[in-house]
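Have a look at the structure below before the remarks.
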Amino acid sequence: MLASNNSYVAPKSFILDGIPGLERVHVWISLPFCTMYIISLVGNLGLVYLIYHEESLHRPMYFFLAMLSLIDLFTCTTTLPNALCIFWFNFKEIKFNACLVQMFFVHGFTGVESGVLMLMALDRYVAICYPLRYATILTNSIIAKAGLATFLRGVLLMIPFPFLVKRLPFCQSNIISHTYCDHMSVVKLSCASIKVNVIYGLMVALLIGVFDICCISASYTMILRAVVNLSSADAQQKAFSTCTAHISAIIITYVPAFFTFFTHRFGGHTIPPSLHIIVANLYLLLPPTLNPIVYGVKTKQIRDSVIKLFRGEKGASIQDN
């Protein structure tokens, strides 16, 4: 990698080392990972098909859920097949440019996923606080524009990452202690200052993660106020029940995300690398696996639509809770 005049060039490839320290049990670790990946494929594809097929689910809440399912599918497919190749076949090499592409898609899809969760919180706010104007506020046009804006925000903010990495000199090891190309895992291999990369990463975290969480928190604060002011206990319970699945999705997504983010930057030597890598994989795999299950269990309309689909019934629409 050493070039003339003491300049450095990028490596032709990186070696993804899987989960260091747990190489002997890689095959066993792959079993739950593979099972979760299959469940995520079946669950999310089934959910998208159900929402497309059932006219009773052609509503803003379920359109946003379909967006979330598609993003979850893309996110886990970006990394899990590669991780399974490492676990099963010891295929660890990844080309430099392929690594940058994977990095872009991983961070891009997770950024879009955060935005969709924010849109779903706003949807619940409108549904509970302005029920009579729900259909007129969240029209198909507004949903499409909101989804497009969320997608563009995630993509445009992630485009600089590959270019910021490509400008760095890599003159040391090309072994990445991870199962996929994460931004911080890659830049830590550089022999130059990574201050710009770290600062930009924090800026993106603020513009996406912190902004979305603030919007979600504000939405649920107003939802809580509206629900408390309802006179009927049954009405309060009904309003809260429409939010439980979304709250579960938020917890499933953000808890491992924050753990991964903070351990990369502040965990240092206190967090075992193997634990960090496992949680980083779960961060990308848990939401796609659990979200369809959570929404299937918690949402009566989806449960009834599944039963209706398997029975081959048509025509009758399902009323909301």
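In case you wondered, yes, glycine gets a Cβ from its N, Cα and C as well.
Record features, source TrEMBL:
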type	residues	note
TRANSMEM	27-52	transmembrane segment
DOMAIN	43-295	domain 'G-protein coupled receptors family 1 profile'
TRANSMEM	64-89	transmembrane segment
TRANSMEM	101-122	transmembrane segment
TRANSMEM	134-159	transmembrane segment
TRANSMEM	198-227	transmembrane segment
TRANSMEM	239-262	transmembrane segment
TRANSMEM	274-295	transmembrane segment
Contact yes or no, the transmembrane segment (239-262) and the transmembrane segment (101-122), 3+ Cβ pairs under 8 Å, gap 6+: yes
Criterion met for the transmembrane segment (274-295) and the transmembrane segment (134-159) (at least three Cβ pairs under 8 Å): no
Overall pLDDT for the domain 'G-protein coupled receptors family 1 profile' (43-295), taken as the rounded mean: 90
